[in-house]
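Here is the structure we will look at, set down as structure tokens.
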Amino acid sequence: MGQSSVAQFASELGLPAELLLEQLRGAGVNKTAYDDVLTEQDKTSLLEYLRKEHGVQEPKNKITLTRKQVTEIKKSDSSGKARTIQVEVRKKRVLVRRDPALEPVVAEESAEIAPAAVIDEPTLQAAPVVLPEPEPVVEAVPEPVAVEQELESEPEPTVAPAEPEAGEVAVAVDEKPTADARPKLTARELLGAEELALREREAKRQAALMAIQAEELRKKQELAQRRQEEAKRAAEAAANKLSEGTLHKPVAKEAPKPEEKNAKKTGKSGGKDWNDSDGKKRGGVKGRSDAGVAGQGWRAKGSKSKSKNNENQQHAFTAPTEPIVHDVLVPETITVGDLAHKMAVKASEVIKTLMKMGMMVTINQVLDQETAIIIVEEMGHNAKAAASNDPEAFLDEAEHAEAVQEPRPPVVTVMGHVDHGKTSLLDYIRRSRVASGEAGGITQHIGAYHVETPRGMVTFLDTPGHEAFTAMRARGAKATDVVILVVAADDGVMPQTIEAVHHAKAANVPIVVAVNKIDKPEANPERVKQELVSHEVVPEDWGGDTMFVEVSAKTGAGIDNLLEAVLLQAEVLELKAPKNIPAKGLVIEGRLDKGRGPVSTILVQSGTLQRGDMILAGTAYGRVRAMLDESGRDVKEAGPSIPVEILGLSDVPSAGEEVIVLNDERKAREIALFRQGKFRDVKLAKQQAAKLESMFEQMGEGEVKVLHLIIKSDVQGSYEALSTSLQKLSTDEVKVNIIHTGVGAISESDVNLAAASKAVLIGFNVRADAGARKLIESTGVDVRYYNIIYEAVDEVKAALGGMLSPEQKENVIGTVEIREVFRISKVGSVAGCYVQDGVVRRNSKVRLIRDNVVIHTGELDSLKRFKDDVKEVKSNFECGLSLKNYNEIEVGDILEVFEVVEVARTL
């Protein structure tokens, strides 16, 4: 039907005629009366207008149903603890109603519009709704009711690919044929050729997509079937392997096919157990007939059900035939449980291996990297040392390669043997009196000074010469450009002189030798040169490359020549450093000041350190609150090669740590805390290893006496040197155990720790505060104060010697000749003797010698002279004596009388 009136078209659509006229006017079709004729052009214009008005992208007659299901699963983490994880599954389903405008429309006005029929054309199946109406009058079909019936009863709907993204489920609706047989509008008449072509292409795309999905589903099913067959064959092989060597006759009947299993589910024998099918509740006692059947339940009987159970309950997992070798990345510290997890073995296996290697460990014990690598290789895996995920790796990013390099003053370290005049030499250069202020006249700290000379600025580092300060001297050589080796002309080359040469050569630093004390009459500079040549330090006038300068720190002779030699050596090195960048440097020394907190001596090596900078030094960080030079004057900035004291760090840094300026306080705190944790883990692992080693040593050697010490000093380098020297005093019988070392005054916590651990408190250049002194009086803790390292080492050495068990020594006190032997019943043999020399005492120990051979060693039982018991008989007197429990005495025997005395031992 090509044309119809407005009233007829309104009745066909089920709309009021007035509403249709309004929509036509909105579409630009000028119709005013109900009898006006509508052409195909007018209907197309109306359709396009309605599409533009309501849009076709989001059809109104579409319902999206979402379903959310939350379940919980239990999963174990790397440490073996079970954790509950919530899993949320969301499903989305889209129900679409077909638009009545796309189907043949019934022209009867009074009849209700029935639900749309199942559409067979593929173009209409994939089509979206064309005419959604905003008014409730337009939709005569009760859509929500139809959807609820669809969800509740769920008849078999016809699936049509309406929207591939959402769920591709459409509502199937039935067609009710009406009695009126009026002409109908077809979809081809309502839709243009372009729209139909578009829908055909969409239908073809949907068909191709469904074909691809069907092919993928088929492949997945084939793969699953293939895996099931492989698992079945593996299960049969395992069952055959288990049945080998049994006494019963093997089951000859083949396993039933999968089709037969479903058919025999309800038989008497019952393919599956009605209760406890997997045998978890009861293991059951296997008889001889059950030996070849794996995985059966406890109700299974007979060979028929055995083979059936074997198929149904055989797990698909097959054990690997070869050992799996893992590549294990081992960090610096790792617990036993984590190491087992990385190797995919039980923690008990790792503990067993460690016990075989002589280590008693627990699952949470921390192992160091070296031990963990040995364990991994012992268990047949490949161990690799893991690169640490250190946040300080980002510190190298801020390299300032474009910074201008400027000349800087040389850093000169003065090294040499103790009492050879290092500090006195510096005193003359600085025109100060430092050596007289040092305890005992020896240097026990690194002193850093910068000196203005007529030839330029020089920074001096004065190091201790005592043997205990090896680590300090090594730090001084590391931070320096030139080493002045001070050798006394009257003393020559000594052990610490040789050690200083080794430190300088290890750091690849040039040496200038200062032969000191040439003003003494016994000075012999040539001997110094000869002794140093044997240690590869050859003077220039002997064809070498080392400058020798003869000086006197007392008279000042040769000091100018020494400075000239040092500056000449520095010019050869062409020392340069950038100045206008964030500073980097080295911690020379650190101490805890009671009023100012942690104080650190820092040598700036590059850049400029300013007040207010955020710095990181090892495990300490903080903002520079104040900077002081070596004279105690306040400075605002310090350039390269300038030593300064800084205040404001969170803790006392370790000497030798690198100092770096950071812009971000948060990053500085993060790196410092990371270093603290790493240091603590490594220290704990080493302590544990040391405890185990000492435990096995004690088991082998018996009880070892231990002297517990707590050391507090004024600076970090002092307690480092003191603890190293004291630990060297340990022997196999007595050991020094340093429980705690620290910087600062002795506090109450130190006293409490000493009281709990029965330790001796040593204060080196520090004293106890008021609260600690009261606690010391009440607890009776032994506290010793020292200013010189010699005295501390000597007293601890004496204390260790007192702890040694005394040595027993035999002391011969007399010799007795037996001249007559009397045999007395009830008494035994009594000897008449003559004391040749010495003295004989009652209850002394004697040694019986016959023909110069010791026959018996024992004690005197009685000693008499003229029938009287006496305590002792001196030489040239006669006496009678008897031996305890020994009667084989002959005339002519010699008795050697001796006493056992205890002699105190020393280290």
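One is the number of the first residue shown, and numbering goes on along the chain from there.
Keep in mind that glycine also has a Cβ here, set from the backbone N, Cα and C atoms.
Quick caveat, the model's predicted, so the values are computed rather than measured.
Quick look at what Swiss-Prot lists:
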- 416-423, 462-466, 516-519: GTP binding site (BINDING)
- 223-235: compositional bias 'Basic and acidic residues' (COMPBIAS)
- 251-263: compositional bias 'Basic and acidic residues' (COMPBIAS)
- 270-281: compositional bias 'Basic and acidic residues' (COMPBIAS)
- 407-576: domain 'tr-type G' (DOMAIN)
- 223-320: region 'Disordered' (REGION)
- 416-423: region 'G1' (REGION)
- 441-445: region 'G2' (REGION)
- 462-465: region 'G3' (REGION)
- 516-519: region 'G4' (REGION)
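When DSSP labels each residue, the region 'G1' (416-423) comes out as 2 helix, 1 strand, 5 coil, counted as helix, strand and coil in that order. On its own chain, I518 (GTP binding site) has A489, P525, E550, V551, S552, A557, G558 as residues at least 6 apart in sequence with a Cβ closer than 8 Å to its own Cβ. Other C-beta atoms found within 10 angstroms of the C-beta of G416 (GTP binding site) number 28, with every protein chain shown included. Taking H, G and I as helix, E and B as strand and the rest as coil, DSSP gives the compositional bias 'Basic and acidic residues' (223-235) the counts 13 helix, 0 strand, 0 coil. Under the DSSP three-state reduction, I518 (GTP binding site) is assigned to coil, being neither helix nor strand.
Note on D419 (GTP binding site): other Cβ atoms within 10 Å of its Cβ, all shown chains, come to 16.
All protein chains considered, the CB of K422 (GTP binding site) has 30 other CB atoms within 10 Å. In the predicted model, the region 'G2' (441-445) has a mean pLDDT of 44.
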